[in-house]
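Features reported for this protein in TrEMBL:
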DOMAIN    9-342  domain 'Acyltransferase 3'
TRANSMEM  12-33  transmembrane segment
TRANSMEM  45-75  transmembrane segment
TRANSMEM  95-120  transmembrane segment
TRANSMEM  126-147  transmembrane segment
TRANSMEM  159-182  transmembrane segment
TRANSMEM  188-207  transmembrane segment
TRANSMEM  219-242  transmembrane segment
TRANSMEM  254-272  transmembrane segment
TRANSMEM  284-303  transmembrane segment
TRANSMEM  323-343  transmembrane segment
Amino acid sequence: MTVKERNSNFEFLRIIMMLLIVFHHSIVHGVIPQGPKLIFTLNRIWIHDFICSCFAMFGKMGVVVFVMISGFFLVKSNFSYGKMLSKVLKIIIQVYFYSLLIFLFTCYFHLIPINVHVILQAVFPFFYNTYWFALDYLLLYLVYPYINILINNLTQKQHLILILILMSCFTIVPLFVSSFVSNSTLEAFILFVMFYIIGSYIRLYPIKNTLFDKKMGKFIFFITIVVTILLILLNVYLGQYIGNISFIDESFNITGQYSFLTIIMAVSLMYWVKNWRPHTSKTINFISATTFGVYLIHDNPIMETVLWNNWLHMPTLFMEPTLHLILVVLVVCPIVFIVCSLIDSLRLIIFNFVQKFFVVKSNWRIQNNVK
């Protein structure tokens, strides 16, 4: 594998993480769009609550891993303002492309009622929180060169202490003081900075014993999954049989973005994947390039209502038999991912064609001194 080739292990990881994010959204936007209160109101058997929590448990981990991968690669990247500007423009163009396309699509087919708020969300996606992840990632990309300056001037010990301080503030303290976190855009951005710093640490300071690194990453990852599932099971069971909705709430918070367990799963997974045998796959890399598009399509505020409620009728699944709920989610989510990936593949082909056309035209004008 040459220096310029991207390690497809991490591209494969992006694909899996986005698929898990789709599973997460199928639950929180589809099966139980009103959250744990709906579960409590319906008073279904606890196994339904448990299954929904398990399907949703890896969504926030997927977000954390996405940002950590960025930190892993960008901390050693050759920075230039031109390259950064190009990336920022690509993100903005892609966000606006899908925001406006989905809006026009739903308007043309009269899929949802159109009001001022919907129009503003479509026209100003970065200002009306249409895509919170895209906004925070864009902000992160604007400041990552300066984060790298900080990181490169820290010793390994100082780097680790910084991570521990940030994790204490945003994962440990909220366990005891719930009001400490507010789920604001600024706070999510600070979390992204923390995940970036953790990802950079994994890249800069590999464990010397690679075999230990790989085995421990795998071991800790699966142990954390088991612990998380047991905690979810305990909270769901207590919530149903004691009749306290706070336990149901906690079954979702266990794997939230601020969760210590979520970060441990993400870090251990990164260490595990980092030590897979490096290889390059054009297919994996191409599919990975569509993952951001998959997010922009299926998690658009308009599309999530149309997709999960109007087309797939996911909210009705909670009243269905347990096996039916499991099978539908297992079948629907990969299909949603594949369809969205195919749509973004088409966009990539069109965008690349347009870009090449203008480059060729520009070169021709320069060669022929055409003004």
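Heads up, the Cβ atoms here are built off N, Cα and C, so glycines get one too.
Curation plays no part in TrEMBL annotations; they are all automatic predictions.
Listed by sequence, the residues of this chain that lie at least six past the ends of the transmembrane segment (188-207) yet keep a Cβ under 8 A from its Cβ atoms are 64, 67-76, 132, 136-137, 139-140, 143-144, 147-148, 151, 156, 159-160, 162-163, 166-167, 170, 213, 216, 257-258, 263, 266-267, 270-271, 274. Note: the stretches the transmembrane segment (45-75) and the transmembrane segment (284-303) are not in contact (fewer than 3 CB pairs below 8 A, sequence gap of 6 or more). Within the same chain, the transmembrane segment (284-303) stays apart from the transmembrane segment (254-272): fewer than three Cβ pairs sit under 8 Å, each pair at least 6 residues apart. The largest share of C-beta pairs under 8 angstroms with the transmembrane segment (323-343) comes from 12-33, of the ranges 12-33, 126-147, 254-272. Taking Cβ pairs closer than 8 Å, the transmembrane segment (254-272) reaches residues 13, 53, 56-61, 63-65, 68-69, 72, 167, 170-172, 174-175, 181, 188, 191, 195, 198-199, 202, 207, 213-214, 216-221, 224-225, 227-228, 231-232, 235 in its own chain, all 6 or more past its ends.
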